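*Asks:* The structure follows.
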């Protein structure tokens, strides 16, 4: 008997096009070629890393890294998390910041490549991944993100900070040692502007925050905790995409406190474990979608931060590049049901 025999099939659905009201794009759901949950297992799993002798992120090799910004705990060789400069930064912190608010900068198509590009080494030990850590330790990584974002905000030269993680070579990771990255830029990215505009449109027509309203659909719910819930979004662009959302309305990730970080750490760990078990340890990205610094008070009622996890199970091809629409082979209601039933 093959491993898929006896496995329940996904519901028989017809194709559908849904509007993502947060990112402002259309998604085509076309489930015809995928009938079982196992059809989505990664064909390119992230291999379990052996301990190489040349990894500069491992404890004891700190001198081989770019300059350190801070470590946890501070001033001790027995660190658990380190924040360092990226050795090959996309942006340069030693350049003069552009005056993007000047009359000359309005409509400009080019500014200096000023910015910050940091690496968060999540563990001293090479074989350990983020999802291997205890929930409290994952929470400590989140608090390091918070601290660094607060430091960058205090500089007064940046408009947005992006926290993200690439796990696996197919997801963009150049190092196998578990790490994430933080980039601070002097402009507001167009995707952030689009996200806020889309959320404003919903707020203006309904009087509700579109993110706060997500928790009302139990068919999309995967798991929840005291302060957060994890869902498959209604118009997910990617198969088995997950959003982890604060229950209480909050615009800024960097306002996360310790209690909520510990709570989020447990739920994030659980979601990563579920994806690894169900999808054969796929490469993935996660990104934190937050508000730009100095957000206008009028935008606060509809600006709500969240964490997006995207497993790499397919490729972005010509249709997506040409239209800005995505094709998803599984309905989010079905993905949520599959993930609910997976033990962490």
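Cβ coordinates come from backbone N, Cα and C, glycine included.
Source: prediction; values computed, not measured.
Dumping what TrEMBL says about this protein:
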ACT_SITE  179  active site, tele-UMP-histidine intermediate
BINDING   55, 58, 126, 177  Zn(2+) binding site
DOMAIN    14-188  domain 'Galactose-1-phosphate uridyl transferase N-terminal'
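I'm curious about the neighbourhood of these features; can you describe it?
*Replies:* Residue environment of residue 179 (active site, tele-UMP-histidine intermediate) contains 22 other Cβ atoms, counted within 10 Å of its Cβ in all protein chains.
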*Asks:* Take the C-alpha atoms of residue 55 (Zn(2+) binding site) and residue 179 (active site, tele-UMP-histidine intermediate) and report the distance between them in angstrom, rounded.
*Replies:* 12
*Asks:* Which one is it: of the binding-site residues 126, 177, which Cβ has the fewest other Cβ atoms within 10 Å in this structure?
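*Replies:* Relative to the other binding-site residues in 126, 177, 126 has the fewest Cβ atoms within 10 Å.
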*Asks:* Taking every residue in the domain 'Galactose-1-phosphate uridyl transferase N-terminal' (14-188), what is their average pLDDT?
*Replies:* 89
*Asks:* In the structure shown, which of the binding-site residues 55, 58 has the fewest other Cβ atoms within 10 Å?
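*Replies:* Taking 55, 58 as the binding-site residues, the minimal 10 Å Cβ count falls on 55.
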*Asks:* How big is the gap, in Å, between the Cα of residue 179 (active site, tele-UMP-histidine intermediate) and that of residue 126 (Zn(2+) binding site), rounded to a whole number?
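*Replies:* Distance between the two Cα atoms comes out at 10 Å.
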